[in-house]
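Here is what Swiss-Prot says about this protein:
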BINDING   Gly169, Asp170, Arg171, Gln172, Thr173, Gly174, Lys175, Thr176  ATP binding site
SITE      Ser362  site 'Required for activity'
Amino acid sequence: MSIKAEEISSIIKQQIENYQSELKVSDVGTVTYIGDGIARAHGLDNAMAGELLEFSNGVMGMAQNLETNDVGIIILGPYTEIREGDEVRRTGKIMEVPVGEALIGRVVNSLGQPVDGLGPIETTGTRPIEAVAPGVMQRQSVNEPLQTGIKAIDALVPIGRGQRELIIGDRQTGKTSVAIDTILNQADQDMICIYVAIGQKESTVRNAVETLRHHGALDYTIVVTAAASQPAPLLYLAPYAGVAMAEEFMYNGKHVLVVYDDLSKQAAAYRELSLLLRRPPGREAYPGDVFYLHSRLLERAAKLNDSLGGGSITALPFVETQAGDISAYIPTNVISITDGQIFLQSDLFFSGVRPAINAGLSVSRVGGSAQIKAMKTVAGTLRLDLAAYRELESFSQFGSDLDAATRAKLERGKRTVEVLKQDLHKPLKVEKQVLILYALVHKYLDDVPVHDVLRFESEMNTWFDHNHPELLEEIRTTKKLPDEAKLEAALKEFKNTFVPSEEK
């Protein structure tokens, strides 16, 4: 049998051409400690920070601490079946979540797995949960408004697309309601919403999902939930999963609103993991990198420049305060990262002012440039008027003999507070907000009894819908006030039909 060199060389060439390289990582370690959502493993000398690791029972973990002799791992799932001495294997991958249109209308966990019982999610796209935030030259300044439908926010602390606006307040002051109402108001705004519930009760998340479904908002919303019963690693990862899903839409030129409800619970989960992993505690026992925990998350919210499609992520992070103390560690951290804050005060909430927004401590650092011209015109002096009223109100308690000008200011202030009240799940379109604020500023409400102000607003909106829809349409399309004479005439005409009720 003769061997021909040409045949051998052609066979070798063929095999080289058909060769497919596959990265196979076969490092195997041994679990030396397991408990409370974390594990330690020996023998994974080449593991990378943030790498996914697989335990022998199929549960995944993520390498967090790379030490001399072992690796600290956070476990992404039930850890009760893992035993000391079990094998743990490197995968060579980093943590990714599914992304894309198929997620809209679904409720998923921190790993992107469906938890709503509606079957698997048909999507092939994935994104890593950790990503570099857009750089300076990839962004543009905030210039488009995000209409929340809440008068007190759109007038006093306007939010723009691509902004990060902190919502801060004690528990039970209506923080979640503000976010849900904002999501409901995005129905016709070409906006995708992602609601990330961190450490909430299952029943609370269920109520939020049902509210969104009832109002048709699930058609453009993804809910990411890491409930209070879940292990701490899933609470820690939930916000990153939410923003990874949002980035897919942003880089495709779409606008996304992400609500993180709330980051205090994420910080507490991260503190728990860090202490279990024996990292040195700092102030309030939080680890030294708790600022970076939130800054790297919130910096991923941006308004991209036009060459990248002009998409945006607007972030509404929540932080819970204790007894209104906004100078605690986590609140001050997040205030310094965000572009403004909306402070909800329990005193106002319990006195019936809802949403309970404290106009003095709330601020929007970049939203003003995104506010529409009509709203800027009517709401220009509103914040100062409100601050002056609060000051006068405290003085007026001490003396009854007030001069006419002071009395007039107090009366106007009462009506301003009343106008800014709003019912739950009833967001208001911006043109109707402009209308009632115009009526307030131009003294149409001065002789309307305070208890009738909200009825006046409701009847005025209905009357304008039927008799002067063209004025509302003009505000909506031009974003400017219509001809003043026409608007004044219409308001006077309505005012003549309004019948004040008897004093209560």
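We number each residue from 1, going along the chain as drawn.
Backbone N, Cα and C define each Cβ position, glycine as well.
Long-range Cβ contacts of Gly169 (ATP binding site) within its own chain (separation 6+, distance under 8 Å): Lys175, Glu320, Thr321, Gly324, Phe343, Leu344, Gln345, Ser346, Ala356. Same-chain neighbours of the ATP site beyond Gly169, Asp170, Arg171, Gln172, Thr173, Gly174, Lys175, Thr176, judged by a C-beta within 8 angstroms of the site's C-beta center, are, in sequence order, Glu320, Leu344, Ser346, Phe349. Sequence-distant neighbours of Gln172 (ATP binding site) (same chain, six or more apart, CB under 8 Å from its CB) are Ser346, Phe349, listed in sequence order. Across the structure, Thr176 (ATP binding site) and Ser362 (site 'Required for activity') are spaced 17 Å apart at their Cα atoms. Taking the C-alpha positions, the distance from Ser362 (site 'Required for activity') to Asp170 (ATP binding site) comes to 14 Å.
Put plainly, the binding-site residues Arg171, Lys175 were compared by Cβ crowding within 10 Å, and the winner is Lys175. Residues near Thr173 (ATP binding site) in space but far in sequence (CB under 8 A, at least 6 apart, same chain), listed by position: Leu344, Gln345, Ser346, Phe349, Ala356.
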